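The block underneath contains the structure these notes are about, expressed in structure tokens.
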Ligand SMILES: [Zn+2]
Ligand SMILES: [Zn+2]
């Protein structure tokens, strides 16, 4: 059984063939999927999907790239929706310095507000970090994020950063990039992560793992991530599948 902890099945890329994508996930034993909403349309769609599919859960938050668009009403709306029993995390949230649509200051403010919200509603957080590791870690510390913990999604940082995050009750989630031929660092880092902090994800439709790199990603491909991690850790696929699924259930409090 596999657990894809980060999927955007609410994206328009699945408008025409969602049912087939879901069937393929099921035939590859993807038992549960967290669909991540990060703005008004994608959160709305994620909330619909958790009603339609018993094996789908939602994480809802505001993406740092669009931080400039988030209003107080949006934040209140996320808080209200988070009371749903199948909303299992707040996010994705964080900092993304690759794009400059939202200034760093705005991104930081929106990030801090969402950590505070997650603490209020007692839900773990899902962190998006691109080219902003130092500021992300500083803000997590300053805001006391260890009270809720969560996930560093699509983790590509160093073992040292991983250790700092684990001290704050975070799990490290690995996706397609760990399967890339030239991904020396993530492959080394995976070996150093204790089994009880490991998660897997697709971040589909993006970051498609080898051997489908460049094509649209989907939850059934999470098996390639599990296979790669199993190989790196010298464990069986079944062991990694079971460990990462148990970790996800524990973090998201799913029975
Ligand atoms: Zn992300
Ligand atoms: Zn994402």
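Glycine is no exception: its Cβ is also placed from the backbone N, Cα and C atoms.
According to TrEMBL, the protein has these features:
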type: BINDING; residues: 6, 8, 92, 203; note: divalent metal cation 1 binding site
type: BINDING; residues: 128, 153; note: divalent metal cation 2 binding site
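In three-state terms derived from DSSP, residue 8 (divalent metal cation 1 binding site) belongs to neither a helical nor a strand segment and is classed as coil. The Cβ of residue 128 (divalent metal cation 2 binding site) has 63, 64, 91, 92, 93, 94, 95, 96, 153, 154 as same-chain neighbours under 8 Å, each 6 or more residues away in sequence. Under DSSP, residue 153 (divalent metal cation 2 binding site) is assigned to coil, being neither helix nor strand in the three-state scheme. Sequence-ordered, the extra residues of this chain that approach the divalent metal cation 1 site, with Cβ no more than 8 Å from the Cβ center of 6, 8, 92, 203, are 7, 36, 126, 128, 153, 154, 201, 202, 204, 206. Less than 8 angstroms from the CB of residue 203 (divalent metal cation 1 binding site) sit 6, 7, 8, 153, 154, 175, 176, 217, each of them six or more residues away in the same chain. A Cβ distance below 6 Å to any atom of ligand 1 is met, among the binding-site residues 6, 8, 92, 128, by 92, 128.
A sphere of 10 angstroms centred on the C-beta of residue 8 (divalent metal cation 1 binding site) encloses 22 other C-beta atoms. Using a 10 Å radius centred on the Cβ of residue 6 (divalent metal cation 1 binding site) and all shown protein chains, the other Cβ atoms total 28. Around the Cβ of residue 153 (divalent metal cation 2 binding site), 26 further Cβ atoms fall within 10 Å across all displayed protein chains. Here the Cβ of residue 92 (divalent metal cation 1 binding site) has 28 other Cβ atoms within 10 Å, regardless of which shown protein chain they belong to.
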